[in-house]
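Undergrad: Quick paste of what TrEMBL says about this protein:
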type     : residues : note
DOMAIN   : 44-144   : domain 'BTB'
TRANSMEM : 171-192  : transmembrane segment
TRANSMEM : 199-216  : transmembrane segment
TRANSMEM : 231-251  : transmembrane segment
TRANSMEM : 263-281  : transmembrane segment
TRANSMEM : 331-352  : transmembrane segment
TRANSMEM : 392-416  : transmembrane segment
């Protein structure tokens with residue numbers, strides 16, 4: 001080969017391409033019109049066009065998740081653009097950068113902050129991300145791992161369980177939940193001896209306080225029931241309803257042990273148990289002993305827990321309960337700080353007021369009440385220091401109390417915002433899913 005021929009074979013980067021005889025040349029189809037080729041090497045580049053922005057990655061990278069839309073050559077073939085030799089997707093472009101990163105990072109899911117969670121989730125479902133990736137996504141967003149609802153295998157038991165436990169499953173379940181709420185309100189009204197329309201205007205706590213007024217306070221009897229009393233009859237009907245509801249839900253639940261451990265089910269049991277215990281106690285005890293009246297008063301107080309049955313139908317109460325459970329460490333820390341400050345300032349005010357005449361701080365335990373109401377900035381005024389040093393200790397106690405109570409408040413508020421934001425996003429996604437399902441059903445009916 002001459003020097004001139006060698007120079008002609010040089011490329012722009014200075015490399016030399018050898019001359020191959022024609023009989024040794026083999027024609028290979030790199031990519032057919034549908035983008036699928038068994039001869040395509042796994043380490044070759046693939047071009048993906050998403051709404052005008054082109055992304056390039058290796059075929060082996062996409063092959064890490066063959067169940068997905070991009071990882072399966074047969075699934076992505078319908079989006080092949082033979083003219084430009086690329087795959088074209090008319091989808092949300094900012095979301096695709098994170099979706100492609102899932103393949104590159106072996107499953108690390110990170111949603112862009114500028115992309116709403118419902119849009120990103122819709123894009124992940126379009127590209128057919130696996131359940132493991134979706135689970136990693138929920139964990140990365142700070143959501144609790146959703147537990148799979150265990151349903152009864154028997155069809156009749158399943159329908160009964162959905163009717164009693166899932167109000168959104170059908171129209172009958174919604175009616176059942178509405179009746180339960182009406183029964184709860186009626187039961188609270190009969191218990192507090194006030195009109196039903198007044199229950200809608202004031203809270204149950206105000207009603208409970210009104211019952212202690214002399215005009216509304218029930219007369220203590222020997223425990224005998226007055227069957228002509230309309231409040232007792234209303235309560236009896238409501239208790240029968242709650243009992244039947246609890247028994248049906250227990251009979252239809254898939255796991256009896258999980259059912260008995262549920263907090264809401266425990267509340268349901270506490271709501272009806274005092275009525276039957278009260279009946280048994282009134283039958284067993286016919287005397288006017290103080291023991292009988294004490295038990296009846298305790299049972300009457302326990303019946304207040306029926307108001308918590310509304311939490312089954314109230315998302316706000318459920319969010320508040322989740323907030324308290326998530327903030328249990330902060331509450332324990334607050335109690336620990338208060339206990340330390342209680343002992344310190346009670347000791348300080350006791351020794352500071354010990355030399356004062358007619359002092360009410362006769363001991364350190366007797367000073368606990370003053371320190372507690374001072375740290376919580378309540379200040380009833382029934383116990384007050386009279387000496388200079390005692391007032392100084394009280395002033396420092398008030399300042400420390402304000403700082404101590406303010407410490408866990410931001411964490412509790414942050415937990416509440418977190419669960420509220422979760423519930424809002426889930427409600428939005430449920431609404432979008434229902435709309436998509438309705439649109440899909442309409443399209444199916446037209447076809």
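Glycine residues also receive a Cβ, built from the backbone N, Cα and C atoms like all the rest.
Unlike curated records, TrEMBL annotations are generated automatically.
Each of the listed features needs to be described in terms of its position in the shown structure.
TA: Proximity of distant same-chain residues to the transmembrane segment (331-352), defined by a Cβ-Cβ separation under 8 Å and at least 6 residues beyond the stretch ends, is recorded for 324, 361, 363-368, 370-372, 374-375, 385, 387, 389-390, 392-394, 396-397, 400-401, 404-405, 407-408.
Remote same-chain partners of the transmembrane segment (392-416), defined as residues 6 or more beyond its termini with a Cβ less than 8 Å from a stretch Cβ, comprise 319-320, 322-323, 326-327, 330-331, 333-334, 337-338, 341, 345, 348-349, 352, 370-371, 374-377, 379, 384-385.
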Undergrad: What is the number of residues in the domain 'BTB' (44-144) that are helix, strand and coil, as DSSP sees it?
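TA: Once the DSSP states are binned, the domain 'BTB' (44-144) shows 43 helix, 18 strand, 40 coil.
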